[in-house]
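Chemist: My structure is below; once you've seen it, I'll send some questions.
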């Protein structure tokens, strides 16, 4: 089926048995890529062995090649699945460590600390005592003698041979005689003929009369309950007198706030009756203008009344006509500014 050697070249060499003469390689290449040709017998003719008289070299193997080969035979599953020193492979598992005994460790450390402390105490006791630091003393007392030293140097009145008589413990330190004791009265049992001292008293009648006059005392719990009920009654009376039926102060404040907000919204909204290009005159300015117009009207009327009735000159007639015209204008302005809303044209 194959017609001659293949012309396709690639990384995988073709089968050398198809065309042995064409695909023959040197011994070095055969040992490195295809294995030893003499061992694999890929080239069947014996005449090919004489072509290269040099014996082929053994394949080069790295130092870890045997380990890799053994690992491939056994598999790597046991190595990957070693859990806590327990191997799943055929190899022997390592020895497990015994759990640490913390109690023994703590006792050992405590004994060591105690031993060290005892050694320090022993060394401190054997060491020489340190000299005491002298207390500070003012230089002005250098020439003053010690009173204790002076008392010790004075000779005592008693000789050294005579023993000193000192008070001993639990000895009497007062006078030699004990203090006189008041004799206690002896109780004598009354005889059958003895009478009770004093007049006879009827204690039963006395106790009954005292019990009637004594006030009745209640228990502590009943007194506390009465005080609590009285406080509740006073609180209810105060509530009925001051708060019941009255609107709370916070509701009144909230009502005023709502009213001011509504007025502000109403003022901020444009008036539908206002013509375009106009603005509403403020209320205080409208009232001031109206008062000035009323004063002007009263002044013009006074001037008109003071005119002479029989004056028919041209000047008098023109002055009367001027006053009438001003009065008409003032009356028209009074009618306009007497309205609740006055719109003024804005300056363009």
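Heads up, the Cβ atoms here are built off N, Cα and C, so glycines get one too.
Keep in mind the model is a prediction, meaning the values are calculated, not measured.
Pulled these from Swiss-Prot:
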COMPBIAS  95-127  compositional bias 'Basic and acidic residues'
COMPBIAS  139-148  compositional bias 'Basic and acidic residues'
DOMAIN    253-345  domain 'Enkurin'
MOD_RES   93  phosphoserine
MOD_RES   138  phosphoserine
REGION    1-65  region 'Disordered'
REGION    84-195  region 'Disordered'
REGION    262-282  region 'Disordered'
Chemist: Are there any residues at least 6 positions away along the chain from residue 138 (phosphoserine) with a Cβ closer than 8 Å to its Cβ? List them or say none.
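Modeler: The list for residue 138 (phosphoserine) is empty, so the answer is none.
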Chemist: Please work out the helix, strand and coil residue numbers for the compositional bias 'Basic and acidic residues' (139-148) from the DSSP assignment.
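Modeler: Counting residues by DSSP class gives 5 helix, 0 strand, 5 coil.
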Chemist: Determine how many residues of the compositional bias 'Basic and acidic residues' (95-127) DSSP places in helix, in strand and in coil.
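Modeler: Its residues divide into 25 helix, 0 strand, 8 coil.
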